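Participant: Right, I'll just put the structure down here and ask away after.
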């Protein structure tokens, strides 16, 4: 099964990179050429065959900021707004770059290789996570394997498309998110009577591995902070069942450590780096002697430089961006309904909460089209699609789909259209971002 998934992954990626190669070399935005002229000493290197027809095209949108941070002397951003781009990802890529090779193309090739390895490993981890979720007994084991295979294939066919051909930070969070969810799933137990519990022997995988993975995923991508809802859910369930000591030693401890790490990254480090000289957000301290401000540096950057905030994106000129996100909005909402109302599963209850929270936050507070790029760190919609595809595998049923199967069919057709289109748009430095 793993060999089959590997072959599919190689095939999908080869097609995408071929599309990048075939995309016209003239990009819509000039950021790439300006950056290359700044960082490359030799014009001949920029215009060499493979760089001109392939590698330069991968430096689009956020990749420009990532490669700039990765190739800087100390790995630190030059300007304030560049702190919005994961420092953890920058640090991780720099670990694999030879110290005596300062070529931007060497860094790019290493980053792309790491991107693909993490993307592939995330799909493999997701396969085993899916098997764990859906094989509650021996009779379901074959069904679980089928669901797991389709889920991983759908993950490889993500709507993030062209973004993941470059050096974006998402695959690092995908990997940590899936390992963290898998570790938690292996730790909890839900007996027949529904008494949620966590055995003491699973303290390490729950309170360390899951906590560490969720924390690293969140430090890398801020949307992954929603994974902390797992700890809130478990805390509520253990408290309801009067397992107070376990509630403290498992979810409360894990959640507190995760919160502390985020507090350190989002508030303490920026305050020590920029304040009080910076002014503006630095002056919004809740208390005069404490580093916690009303607005974190990341929130300030998102609001000040990219116009992120409640309903700020709800303008007529952004209607096309909402339309780009509609397929994923629909599939995420319907997957949360499917696993809470139609085929309710206690094991997926917390993930349903997280999925709904993601949709609300992105639709009302963020640039809504990024949902296409970030949604895959949550596998609920992939499980919904895979489950429906397995249950409607009869060709006659697919010819005349009914109800939510029409949604599934539409989404698959949309992916077949969107993935190659978005890959080409990305390589040409064209919207959507």
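Here the Cβ of each residue, glycine as well, is placed from N, Cα and C on the backbone.
Okay, so Swiss-Prot annotates it like this:
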| type | residues | note |
| --- | --- | --- |
| CARBOHYD | 69 | N-linked glycosylation site |
| CARBOHYD | 101 | N-linked glycosylation site |
| TOPO_DOM | 23-109 | topological domain 'Lumenal' |
| TOPO_DOM | 131-161 | topological domain 'Cytoplasmic' |
| TOPO_DOM | 183-215 | topological domain 'Lumenal' |
| TOPO_DOM | 237-243 | topological domain 'Cytoplasmic' |
| TOPO_DOM | 265-318 | topological domain 'Lumenal' |
| TOPO_DOM | 340-350 | topological domain 'Cytoplasmic' |
| TOPO_DOM | 372-409 | topological domain 'Lumenal' |
| TRANSMEM | 2-22 | transmembrane segment |
| TRANSMEM | 110-130 | transmembrane segment |
| TRANSMEM | 162-182 | transmembrane segment |
| TRANSMEM | 216-236 | transmembrane segment |
| TRANSMEM | 244-264 | transmembrane segment |
| TRANSMEM | 319-339 | transmembrane segment |
| TRANSMEM | 351-371 | transmembrane segment |
| TRANSMEM | 410-430 | transmembrane segment |
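Have a look at these and tell me how they're positioned relative to everything else.
Facilitator: Close to residue 69 (N-linked glycosylation site) in the fold, though at least 6 residues off in sequence, lie 75, 76, 77, 82, 85, 87, 90, each with a CB less than 8 Å from its CB.
Residue 101 (N-linked glycosylation site) falls outside any helix or strand according to DSSP and counts as coil. A sphere of 10 angstroms centred on the C-beta of residue 101 (N-linked glycosylation site) encloses 10 other C-beta atoms.
Outside the topological domain 'Cytoplasmic' (131-161), and at least 6 residues removed from its termini, the chain residues within Cβ reach (under 8 Å) are 1, 4-5, 8-9, 12, 16, 119, 122-124, 168, 170, 182, 185-186, 327-328, 347-348, 372-376, 379, 382-383, 385-387, 389-390, 415, 418-420, 422-423, 426.
The average pLDDT the prediction assigns to the topological domain 'Lumenal' (183-215) is 91.
Same-chain residues lying 6 or more positions outside the topological domain 'Cytoplasmic' (237-243) and placing a CB less than 8 Å from one of its CB atoms are 195-198, 250-251.
Residue counts of the topological domain 'Cytoplasmic' (340-350) by helix, strand and coil are 8 helix, 0 strand, 3 coil (DSSP-based).
Listed by sequence, the residues of this chain that lie at least six past the ends of the transmembrane segment (162-182) yet keep a Cβ under 8 A from its Cβ atoms are 13, 16-17, 20, 58-63, 66-67, 70, 85-86, 88-89, 92-93, 108, 111-112, 115, 118-119, 121-122, 125-126, 128-129, 132, 209-214, 216-218, 220-221, 224, 227, 230, 351, 373-374, 376-379, 422-427.
Panel annotation: around the transmembrane segment (216-236), residues 86, 88-89, 169-170, 172-173, 176-177, 180-181, 184, 188, 196, 198, 210, 247, 250-252, 254-255, 258-259, 261-262, 265, 298, 349-350, 353-354, 357-358, 361-362, 374, 377 of the same chain, lying at least six beyond its termini, place a Cβ under 8 Å from a Cβ of the stretch.
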Participant: Do any residues of this chain, six or more beyond the ends of the transmembrane segment (319-339), have a C-beta under 8 angstroms from a C-beta of it, and if so which?
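Facilitator: Same-chain contacts beyond the flanks: 159, 313, 345, 348, 351-352, 355-356, 358-359, 362-363, 367-369, 371-372, 375, 378, 380-381, 383-385, 387, 404, 407, 410-411, 414, 418, 432.
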Participant: Quick one: DSSP breakdown of the topological domain 'Lumenal' (265-318) into helix, strand and coil?
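Facilitator: Final tally across the stretch: 27 helix, 2 strand, 25 coil.
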